[in-house]
Amino acid sequence: MHECLTLNPISLVNGTINLPGSKSITNRALLLSAMSNSTTHLKNILYSQDTQYMLNTLKICGIKFNCSYTNLSCTIEGCNKPLNISHKTSLFLGNAGTAFRSLAAIFSLNNNNILLTGNKRMKQRPIKHLVQALQQGGAQITYSEQDQYPPIKIKGGFIGGNIFVSGKISSQFLSALLIATPLAQLDSTITVTEKLVSKPYIDITLNLISKFGIKIIHKDYTKFNVQGRQKYISPKEYSIEGDASSASYFLAAAAIKGGSVKVTGIGLNSIQGDVKFANVLKKMGAYITFGKDFIVCKKKDLIGIDLDMNDIPDAAMTIAIVALFSKGKTVIRNIYNWRVKETDRLSAMTNELKKIGAQVIEGNDYIEILPPINFVYAKINTYDDHRIAMCFALIALSGIKVTLLNYKCVNKTFPDYFQKLKSICSY
């Protein structure tokens with residue numbers, strides 16, 4: 001039986017949160033550092049389940065690194081080439097999508113004999129579009145269980161060239177190709193077919209790649225020209241900014257029950273798209289101030305909105321919670337890719353929002369929410385999804401208790417989330 005956690009009603013939130021490092025940036029930075037030409041010192045690294053899977057893989061590949069959990073740092077000796085495992089290997093990557101997709105592309109570059117696998121949910125998350133793109137460049141990849149889904153067997157062979165990849169399901173497929181193609185034998189042209197989702201995550205990838213010495217030219221995110229036979233050049237030191245998706249919970253708490261909450265580690269200079277979450281809160285009526293590396297939110301009366309949130313899919317989940325405390329209807333649009341995340345988030349959010357008294361309409365790629373007349377105590381199923389657990393913790397701001405089942409799923413990206421939340425709460 002999974003453990004549950006009951007949160008008592010919170011009367012006020014006030015204080016400062018120093019954000020943990022971004023998961024998306026940490027895993028990319030670990031991978032690029034490992035393949036770079038010398039030693040890289042990473043600061044403000046995130047230590048969580050998802051990043052541990054990447055570190056475990058680096059260790060198996062023979063990469064030498066020294067991590068300090070107290071200083072949130074990691075020093076990595078680059079191997080100056082794509083990651084490689086000389087013997088037949090099976091790698092278990094849990095439900096770490098960023099790690100799985102990027103490693104699938106990198107292991108396609110060398111002669112390997114690797115089975116990439118994951119947990120039950122990972123085996124339900126489609127990977128066909130990435131596999132097809134890698135196969136176009138010569139990769140030998142086969143499905144070992146269900147067609148179009150992990151686990152996959154990788155035997156190398158990817159040399160680049162003309163690649164077509166769908167942008168419809170996940171931007172991680174394109175990110176993986178952008179990380180791998182500079183190391184391929186041939187120059188590559190990557191053409192994105194179908195509309196690209198979560199575009200800001202591509203900006204994160206391009207930003208990281210440029211910090212490691214590689215520039216990629218693109219035409220409006222539809223065509224990317226990549227020179228092959230390049231090397232990743234270590235920046236010597238790289239500081240990972242705070243996790244903008246994780247910031248959303250604390251900023252939302254302030255908008256609902258502030259006080260004033262300041263999050264540090266992200267701000268005007270952030271490379272993450274999810275900082276735009278603060279602008280959405282502002283549209284809903286919250287008081288927002290941006291600094292270079294901080295954001296402050298204060299409570300004001302909130303109103304519902306109708307908005308396309310394709311660019312901030314993770315933080316958009318938090319807006320679904322803010323909607324419960326807002327006047328009128330909220331519609332979150334263009335979020336089909338919620339369905340292929342850690343769980344089918346559209347279905348899961350609909351089910352759990354209804355439990356606490358909200359009126360909800362679930363569309364194919366949107367969710368419509370009317371706030372409860374009265375909040376109802378509920379036991380929230382978290383679906384082993386860290387973001388659902390973190391979102392629904394905010395129901396305690398309603399004046400009633402809330403119970404979260406399997407609350408430790410937050411370990412995926414934010415192991416001390418509940419302690420951090422408690423640090424700004426008055427009861």
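Cβ coordinates come from backbone N, Cα and C, glycine included.
Of the listed candidates (Arg229, Arg387), Swiss-Prot assigns Arg387 to the same phosphoenolpyruvate site as Lys23, Gly97, Arg125, Gln172, Arg345, Lys412.
A Cα-Cα distance of 11 Å separates Ser171 (3-phosphoshikimate binding site) from Gly97 (phosphoenolpyruvate binding site). Note on proximity: of the recorded positions Lys23, Arg28, Ser198, Asp314, Asn337, the one nearest Arg125 (phosphoenolpyruvate binding site) is Asn337, by Cα distance. Comparing CA positions across the recorded positions Lys23, Arg28, Ser198, Asp314, Asn337, the one lying closest to Lys412 (phosphoenolpyruvate binding site) turns out to be Lys23. Within 10 Å (C-alpha to C-alpha) of Asn337 (3-phosphoshikimate binding site) lie the following binding-site residues from Gly97, Gln172, Arg345, Arg387: Arg345.
On its own chain, Asp314 (active site, proton acceptor) has Ser245, Ser248, Asp274, Arg387 as residues at least 6 apart in sequence with a Cβ closer than 8 Å to its own Cβ.
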